[in-house]
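Worksheet: one structure, shown below.
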Amino acid sequence: MMEDTKEERHSDDVSSLNSDLKGKQVGVAAAEATMQIGGYLIVVIIVAVFLTSYVNGLDNNTMYAYQGAAAQTFVQYPLYLSVIQVLQQVIVAVGKFPIAKLSDVFGRAQGYSISLFFYVLGFIIIAACKSFGALTAGTVFYAIGNTGTQIMQQIILADYFPSKWRGLAIGFLSFPYLINFACAPLIVEQLANPLTILTTNTWRWGPGSFAIVAPVAIGPIILCLAIAQNRSKKSGLIPRHPYFKMPFMQALRQFCADMDLGCLFFITAGFVLVLLALGLKANAPDGYNSGYIIAMFVLGGVSIICIGLWEWLVASRPIMRLEYFLNKDIILPAFFIGFFDFMAFYISWSPAYYWSLIVKDFSNKDATYYSNTQSLCLTVFGIIAGAASLGLKRYKWILFAGCCIRLLGIGLMIRYRETSSTTVQVVFPQILQGMGGGFMGVTLQVAAQVSVRHQYVAMVTAFVLLMTEIGGACGTAILGSLQDTAVGVSAEMITTVYGSPFSATAAWPLGSPERTAFNDAWNVYMHVALIIAAGVSAVPIIASLFISDRKLGDGQNAISDEMTAGHLGSRQGPVSGTDEESQQNREKDDGTRALNDVGVFHPSTAV
């Protein structure tokens, strides 16, 4: 009888919360309240977001060199390619969901705080690591912090910028990369020089410095968000969190249900096992016939199947909702465009740095500039795409153009990834790839975000980025499985060069029989990889033709009037009075939407 009373009390608490928040979770309501009372805090938050973007961008453009240097120090470079890179990408993909959900359940400040904790912890462990195992452990924590920071940045932009400005805001979020493009290679040259990494430990200064800089950049965001959330509570704009009204064990069970920990476990286990098996296959004694490779495929496959069963039969608040797969404006940008584009991107981009070092004999600095050319163009053309979407208030055909340009760039890569190609011939495809990727990266997020109400934007953003990151991890795993295509080179030479490519190639000058054989092998490897990437890149072109081309306005999304007057850059008053098409979209959405509980999502544009 007492237990029934507790359950009834809990039901009343949740019902009361739903009534107070109109179906929104506390973190979402707090974000909306911040827009009402934030004042100067909003300006500080936005400035700090772009400062954090600079630090995060510098991290993304240098940490790979520090990790690679550490792996070579421990003479484990093959495992860095096949294990650490894949593991990091899977965590970066899967980790967005729990951080996004935490920010919905508790608040944006809490989401940033958890991300910063893991970020700094990972940097410290990597900087101090004495073994490959410690490097791997540090990479796990670092990846959680990195992905958490990324998703929180995107959520904040979705919270505070109206839909018509969203693309430009997303584009400008990567603007600091223009600075990092120039300075990152110089930093890498000093701290992770391939000629000195085996005799010095200067690479440790890289992650060590980030452990100091990251809190300086992210700290102001956390402080301002916490102040705004506290003001909102004192003003009565958001109620006390229902967890604090429950007994501890009941609150813990409710937290586990809200976070959908079972699904997170199956997603992580499934993709980690399958993708690691693909990456480890090249180093396994019997290839795919090795016992542990078979076991990883079986357990990983079963875990992936369990995702659907868990969400359908067990989860009370599933994060991988069926509606995500039925709404064409979510599943097309997330899977058919984002997943396949990132797979093609990582297949074509990941080996570029080492290919230019080995085949073209670039210096470490020049190779870094070369590999970062695509990312530089992603930034420039991402901003251009955002400005175009602001002017046109549309996004579909910008996305379609990006898909086509992306495939053209890969086609030229196939043609010019040769020893005899000129520098212009190998750089120009990188520019085209960046142009196409810039158009796509901005618009595919906008397409999904503006198709749902504000209370679902964090999870939908996480879902889109999950699919793209999983696609990238698949691309990296495919590369790892292609390493044994280096035909014509002895097994001993392959082991030597993959174990420490910088020192090995330095011993073989261009024109030597060993270097010529290895260059030919790398060209074969690259052509096989690029042909796969070209085939994969055709899928986004077709998918982009079927997404909706909603008109972007002053609201947080294109299907409702919520938060119309509260956004940065928005006009006061609702958009619906002047935009007939948006009004029709909203009426259609309101007529089909039924919010039954916190976190339940019923999209209006299901196919």
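Placed from the backbone N, Cα and C atoms, the Cβ positions cover glycine too.
Positions annotated as compositional bias 'Basic and acidic residues' by TrEMBL: 583-592.
The domain 'Major facilitator superfamily (MFS) profile' annotation in TrEMBL covers 45-552.
Per TrEMBL, region 'Disordered' is recorded for 565-607.
Summarising the annotation, TrEMBL assigns transmembrane segment to 37-56 (among others). If you look at the transmembrane segment (37-56), the same-chain residues 6 or more away from its ends with a CB under 8 A from one of its CBs are 146, 149-150, 153, 156-157, 160, 172-176, 179-180, 210, 213-214, 217-218, 220-221, 224-225, 227-228, 231-232, 235, 237, 568.
Summarising the annotation, TrEMBL assigns transmembrane segment to 77-97 (among others). Panel annotation: around the transmembrane segment (77-97), residues 67-68, 71, 132, 135-136, 139-140, 142-144, 146-148, 150-151, 264, 267-268, 271-272, 275-276, 278-280, 282-283, 319, 346, 350, 459, 462-463, 465-466, 468-470, 472-473, 476-477, 479-480, 483, 495, 498-501 of the same chain, lying at least six beyond its termini, place a Cβ under 8 Å from a Cβ of the stretch.
Per TrEMBL, the feature transmembrane segment maps to 117-144 (among others).
The transmembrane segment annotation in TrEMBL covers 165-188 (among others).
According to TrEMBL, the transmembrane segment annotation covers 208-228 (among others). Sequence-remote contacts of a segment are chain residues at least 6 beyond its ends whose Cβ falls under 8 Å from one of its Cβ atoms, and for the transmembrane segment (208-228) they are 30, 33-34, 37-38, 41, 44-45, 48-49, 51-52, 54-55, 59, 63, 107-109, 112-113, 115-116, 119-120, 123-124, 127, 145, 149, 156.
The transmembrane segment annotation in TrEMBL covers 261-280 (among others).
Nonlocal intrachain contacts for the transmembrane segment (292-310), taken as residues 6+ away from its ends with a CB within less than 8 angstroms of a stretch CB, comprise 262-263, 266-267, 269-277, 280-281, 284, 318, 320. The transmembrane segment feature in TrEMBL is assigned to 292-310 (among others).
Per TrEMBL, the feature transmembrane segment maps to 330-349 (among others).
Summarising the annotation, TrEMBL assigns transmembrane segment to 369-390 (among others).
The feature transmembrane segment is assigned by TrEMBL to 397-414 (among others).
Non-local neighbours of the transmembrane segment (456-479) in the same chain are 27-28, 81, 85-86, 89-90, 92-94, 96-97, 99-101, 103-104, 147, 150-151, 154-155, 158-159, 267, 271, 274-276, 278-279, 319-320, 324, 330, 333-335, 338-347, 350-351, 444-445, 448-449, 529, 532-533, 556-557, 599, 601; each lies 6+ residues outside the stretch with a CB under 8 Å from one of its CB atoms. Look at TrEMBL and you will find 456-479 (among others) tagged as transmembrane segment.
Long-range contacts of the transmembrane segment (524-547) within the same chain: residues 328-329, 332-333, 336-337, 340-341, 343-345, 347-348, 351, 355, 396, 399-400, 403-404, 406-407, 410-411, 413-414, 417, 440, 447, 475, 478-479, 482-483, 485-487, each at least 6 residues beyond the stretch ends and with a Cβ under 8 Å from a Cβ of the stretch. Feature annotation from TrEMBL assigns transmembrane segment to 524-547 (among others).
Residues 49-50, 53-54, 57-58, 61-62, 65, 153-154, 157-158, 206, 364-366, 368-369, 372, 375-376, 378-380, 382-390, 395, 438, 441-443, 445-446, 449-450, 552, 567-570 of the same chain sit 6 or more residues outside the transmembrane segment (165-188) yet have a Cβ under 8 Å from a Cβ within it. Per-residue pLDDT, averaged over the domain 'Major facilitator superfamily (MFS) profile' (45-552), rounds to 87.
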